[in-house]
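Feature list (source: TrEMBL):
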BINDING   A:Ala25, A:Gly26, A:Ala27, A:Gly28, A:Ser29, A:Gly30, A:Lys31, A:Thr32  ATP binding site
DOMAIN    A:4-281  domain 'UvrD-like helicase ATP-binding'
DOMAIN    A:282-580  domain 'UvrD-like helicase C-terminal'
Amino acid sequence: MMLEKLNPEQRAAVTLEPQHALVLAGAGSGKTRVLTTRMAWLIQTGQASPFGLLAVTFTNKAAREMLARMSAILPIDTRGLWIGTFHGLCNRMLRAHHRDAGLPQSFQILDVTDQLAAIKRLMKANGVDDEKFPPRDVQRFINGAKEEGLRPPDVEAYDAHRRRLIEVYQLYEAQCQREGVVDFAELLLRAYELLSRNAPVREHYQRRFRHILVDEFQDTNTLQYKWLRLLAGGGAAIFAVGDDDQSIYAFRGANVGNMADFERDYAHGTVIRLEQNYRSFGHILDSANALIGHNTGRLGKNLWTDQGEGEPVRVIEQPSDGMEAQWIVDEIRSLIHEGSLRREIAVLYRSNAQSRVLEHAIFSAGIPYKVYGGLRFFERQEIKHALAYLRLMANPHDDTSWMRVVNFPTRGIGARTLEQLADAARAHDTSLYGAVALVAGKGGSNLAQFAQLIHRLIEETRDLPLPEVVEHMLETSGLNAHYKAEREGAERLENLNELITAAAVFASEENYDGMPAGVVPEQATSSTLMPGVVDAPIVASDGLTPLAGFLSHAALEAGDNQAQQGQDAVQLMTVHAAKGLEFDAVFITGLEEGLFPHENSILEASGLEEERRLMYVAITRARQRLYISLAQSRMLHGQTRYAMRSRFLDEIPEEHLKWLSPKAGLAPVSSTGAGWGGGNRGDAFGRKATNTIAPRQPRGVATGVTVGDKQYRVGQGVHHARFGDGTIIGLSGAGQDAQAEIQFRDVGAKTLALGIAKLDIVQG
DNA sequence: CTGCGTGACTTTTTT
DNA sequence: AGTCACGCAG
């Protein structure tokens, strides 16, 4: 049946006895297929009921894909399954047991922006010095603590500064509790505490879930791991799939160590390696293997393919970032000319700042492209405003939302008034909404009118279907009018209209396969499991009003930031954003020391290793063709910076690479940390015999050129601020485009654009 | 309250 | 370079 298409390792993983297991799934080894087939197999062989499974992912996209593949294999109603993101599943639990968790049923979810605003407001109200305690740092501190599972009393207070942070954390918690709001980390921590403190609820879920499946296990943080362990405490088998070599989110709390811990504590010997790669050709895969081999402490894994060597990885060094971009454009053109689909070509970069030049070049060339990342739908300013109104309608005591729109569109409510309101609210321990009556008192004040507006919105939309609620709010709040009047408001108006559509889609999906909100299907009620504990309903709305359901949907799924399907465009994105994707042709750009690996990470071994994993992820995105490029000079923060070739290039064996430009000079730093000049692999001053010059590079033999007021000729001595002394050994091009190949005494040969590089001519 | 000027920032980011 | 938040003057 469904096992036929699997290789032996995949099959072994899928058909494993119910026991803890760690599946080390390399890039392109069929990880998602194994995960979904495993679930289908458990169900089909009668070893598990669909309701006895819990599968958890990090992104909504991954969860959706899993559901889609599941329903393709098994004709069951996937809607009731506990398949979702950590946050989505915790949200579901908390809604169902909100009383036990100490939350109002319609608690609102703060995204990062809301959270920061809430922290700023709180700090102001309590006179916390925002110079000594930058709100962003406070936010990081609070989230960091929560992700470790720590409440304020649990955090170690080793100095005064730290003690103050803990106080702010404490105040923040009280504020959230008062307002009935919950941040992302709180969703997880609350759910964890609910399970650990409430025995009936815990035992209920422990008995229910016999199989827990985890995707991208290398990305779990400490709290997520604790949550999983708790859930599995009743004897459930954890099936964890991950790849330690693709752990690239340590900077936001992911703990790769969870994999080793899991193996030691649970999986013991049961580690299955998926090492056959179905994506890339040999040269690409071997490059990735060689590179990642420089990391220490890996769980160990070597990808292989039976697809053959394929083409070597093409590498080129260009004089500037602009020329790098231009070269990529030319190469993309010829790929398209050869019949490649644009959407099968990806241009990857380490940091977003690099996208500008690339975008500019691709745009100028008239090639359709799409940049991933940036603002997502529910994060747009106008959408956040609209959502704030909706949230106030669901809960007028949500001060964060109140502050966001109390004077937007402007209605003459200034900072002064709001300060008084905040004071009154604090004095009477109530929300801003609750304090309105205490302040101006008179019904005619702007403030009272705003409170009245919210009240009216609630009344007037009471019996309306969700999309009409949104529509009515947009009109009555004045948002529509505001953006209509604004010069650049057309797009925002469109987005607001889109919000009505989103609400309609959300509402229809609720009704679509039929389960009215609040109805608990029989299988899921399972009061037999734990008498007295009513299971979380399986419908997305979870018994909430449609509005509250929509709001939590909006918070948990910020919408696409990806290229729309069907549009054939070249894909531009950061390496991080590329994780999980694959393309026929991939360009990895900016392979320069300080950029990739990034300078902020090279001081620490762990940082450098994460950068290397990042490069590993980048390489393994490519199916057929891989290009790696670097630029000698690059505009960064307003000034031109010069960099040397990334050490990562020297960690890939020559046999897999094809240099399209002269490979010159020493490797910057040996990967073993031996220092300058270390990684030289025997070609210090030589150039490869197979040199080919990039097609578009200005060529032409010249013995002397004039650039600006300077004359250059072969054999001349020059000095460069960064590279030191050298001798011109070749010249090409003319005028501002002229390039010189220079043999530097200390750093080897480099090709520099004479119009860009600042060279001094050394006499004699 | 609004508009504009100044200064500080700038790795990666999902929920 | 470019963005963005904040502070001051109108």
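Cβ atoms are placed via backbone N, Cα and C, with glycine included.
Per-residue confidence over the domain 'UvrD-like helicase ATP-binding' (A:4-281) averages 92 (mean pLDDT, predicted model). A:Thr32 (ATP binding site) counts 16 other C-beta atoms within 10 Å of its own C-beta, drawing on all protein chains shown. Listed in sequence order, the residues of the same chain lying 6 or more apart from A:Ala27 (ATP binding site) and placing their CB within less than 8 Å of its CB are A:Asp243, A:Asp245, A:Gln246, A:Asn277, A:Arg279, A:Ala288, A:Leu303, A:Tyr616, A:Val617, A:Thr620.
If you draw a 10 Å sphere around the CB of A:Gly30 (ATP binding site), it holds 21 other CB atoms from the protein chains shown.
Taking the centre of the Cβ atoms of A:Ala25, A:Gly26, A:Ala27, A:Gly28, A:Ser29, A:Gly30, A:Lys31, A:Thr32 as the ATP site, the nearby residues of that chain (Cβ within 8 Å, site residues left out) are A:Val34, A:Asp243, A:Leu274, A:Asn277, A:Tyr278.
Around A:Ser29 (ATP binding site), a 10 Å sphere centred on its CB holds 24 further CB atoms from the protein chains shown. In the three-state DSSP reading, A:Ala25 (ATP binding site) counts as strand. Fewest other C-beta atoms within 10 Å: among the binding-site residues A:Gly26, A:Gly28, that description fits A:Gly28. Neighbour count (other Cβ atoms within 10 Å of the Cβ, all protein chains): 23 for A:Lys31 (ATP binding site). In the shown protein chains, 29 other C-beta atoms lie within 10 A of the C-beta of A:Ala25 (ATP binding site).
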